[in-house]
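Enquirer: Pasting a structure here, questions to come.
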Amino acid sequence: HMWCLAWLFFSCFICTNWYFVLFLWDFDLGFVIRSTHICFTSLLFFLLYVHIFKCIVLIILFDTHILVWVVGFVIYIFIVVIGFIGYVLPCTMMSYWGLTVFSNILATVPVIGTWLCYWIWGSEYINDFTLLKLHVLHVLLPFVLILVIFMHLFCLHYFMSSDGFCDRFAFYCERLCFCMWFYLRDMFLAFLILFFVIYFIFINWYFVFHEESWVIVDTLKTSDKILPEWFFLFLFGFLKAV
């Protein structure tokens, strides 16, 4: 049902998509919806990179089942794809040409590259139908992501892959009480993150959102530079290296 609703009752137009964003600002506290969406996206990627870095350090010290890493990598790919589609949908000058550059990478795939790029665009260039397909994927992929996350948790429990401390110090872990200090530690970290999120949402949300992304798209004029969001910078670096 959600596929049908997203496909039939949402209109995507390259020239007018940005005006839907501006229309949202006409409502009381409408800016909170957009800024919250952007800030929590940055928070998600920040916590994700911290988690990946921690796991890389721990895998050096302890053994981790390969399937846990494979499913975790799939989760990361899903989050990157969902985030990039959400970055493209407002169809600003930056996002439109960013999509053009990144999707043209598929044309370098041997044999099927040109066909794959044409299949994603739905034409010989990015058009309204391309945005409609991306919108449908942006709605549906998070539900697939939830399923993959459950698979990741299942692999963690099934293969008993943790940080390894419980295996090395089982005697100590079995007698460790989950006392009030653990609650206070977690609550302090949660409130600290919440404080920064509220600050970025209501005061300084341009810190996680480039001002260049406010330029309305002009399909007849190329952007002076492609400047992706901070959580895509290393991927953009790989692209420039290639």
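Including glycine, each Cβ sits where the backbone N, Cα and C put it.
Features from TrEMBL:
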DOMAIN    1-165  domain 'Cytochrome b/b6 N-terminal region profile'
TRANSMEM  6-25  transmembrane segment
TRANSMEM  37-60  transmembrane segment
TRANSMEM  66-89  transmembrane segment
TRANSMEM  96-121  transmembrane segment
TRANSMEM  136-159  transmembrane segment
DOMAIN    168-242  domain 'Cytochrome b/b6 C-terminal region profile'
TRANSMEM  188-208  transmembrane segment
Enquirer: Between the stretches 37-60, 96-121, 136-159, 188-208, which wins on the count of C-beta pairs under 8 angstroms to the transmembrane segment (66-89)?
Expert: 136-159
Enquirer: Taking every residue in the domain 'Cytochrome b/b6 C-terminal region profile' (168-242), what is their average pLDDT?
Expert: 73
Enquirer: Any residues 6+ beyond the ends of the transmembrane segment (37-60) with a Cβ under 8 Å from its own?
Expert: 69, 72, 76, 79, 83, 86, 163-164, 193, 197, 200-201, 205, 208-209, 229-231
